[in-house]
Amino acid sequence: MTKDKTILRALAGETLETPPIWMMRQAGRYLPEYRATRAEAGDFLSLCYNSKLAAEVTLQPIRRYGFDASILFADILLLPQALGADLWFVTGEGPRLSTIETQADFDKLSAASAIHETLNPVYETVRILRRELPRETTLIGFAGAPWTVATYMVAGRGTPDQGPAHKLKDENPALFDQIIDRLTEGTVDYLSKQIEAGAEVVKLFDSWAGSLKGADFDRYALEPAKKIIAELKARHPDVPVIAFPRGAGERYVGFAKATGADCVALDDGVTPEWAAANVQVDGCVQGNLKSSHMVTGGQDLVDETRKIVDAFGKGPHIFNLGHGITPDADPENVQLMIDTVRNSVR
Ligand code: CP3
């Protein structure tokens, strides 16, 4: 594996003068070229499974901005779909899935080994990207972490407080554990295939980790991440893993060590000064500009960007937002963020 790519150098623990930069949801609705390709594909899921068009939208932000990394265009909910859940997206509202409330609902799911039939177009997208990306751009594959994916599978939709998943894990932990275990196994196979197709880094999105407290955090966020990373490292020892336990707060401390992750992605709920002292001491961190700056722009964006670059300047750091860019963001603010990062000397 070449280590001249800046993201790979940061993930290996190197402190770079200018942090490499990419952005969560960098291929998305704030870009007119994304909206045009999505209209051509029909709907969001058709775009995810159309390898040629999914590769095209992945490349769009690279062409426009020259980000240091490219993230595969897909979705964390393709895995439950590949396990047999029904999945559809309601425009303006978000995802809908068949729910899991009983053992009988769970028993209808497929074995983890059956996922590739559905997910083959995603691996093909990865292969196209490895051919077409500029040689300096790192390709990141991803999956949802078991807890976050389970919150959607149990409720059948996104929920403000992940209430249905909390209720099921408390009332029927044996059933809930089966869901987590199936997802853990499926995630390892899914990410392994992405790596075999050409992904150079993989990221595990635990978007709802912050709703797990105390022992629940250990059992449903930390443990599955640890198992997935251990198995991935056994199969692909050279491929770095980024973990994103969003909302973890104090639990960011030691998360990389406990799970074996090469980098933790930070949300904007922690200050860069605190995270530099308490999290970056263990290795590379990624983050954590508030996404709303991509909407509001101006001097605040410049000041906050510089603050983050400075605070993380003494260790390995990948610049990113604290969460995905939103559809109402102004593409010019993205350019301003990139210019600010690349022109800052630390
Ligand atoms: O970051 C990227 O550019 C890569 C592609 C990517 C998407 N989703 C595309 C997408 C990635 C990495 C994801 C991850 C994802 N998907 C997460 C975890 C990260 C996070 O944001 O917390 C989650 C929870 C999902 C599930 C999901 N997908 C939801 C809840 C929604 C609806 C909400 C929304 O933003 O519209 C999606 C849809 C989705 N996934 C879109 C994109 C570009 C918008 C769909 C569209 O074009 O209409």
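Heads up, the Cβ atoms here are built off N, Cα and C, so glycines get one too.
Of the residues Ser207, Ser211, TrEMBL places Ser207 in the same substrate site as Arg25, Gln26, Ala27, Gly28, Arg29, Asp75, Tyr152, His323.
In sequence order, Leu77, Pro80, Pro95, Leu97, Gly158 are the residues of the chain that are 6 or more apart from Tyr152 (substrate binding site) and have a CB within less than 8 Å of its CB. Across the structure, Ala27 (substrate binding site) and Asp75 (site 'Transition state stabilizer') place their CA atoms 12 angstrom apart.
With respect to ligand 1, the recorded positions Ala27, Asp75, Tyr152 contribute Ala27, Asp75 as residues with a C-beta closer than 6 angstroms to one of its atoms, given in sequence order.
Comparing local CB density within 10 A for the binding-site residues Arg25, Arg29, His323, the maximum falls on His323.
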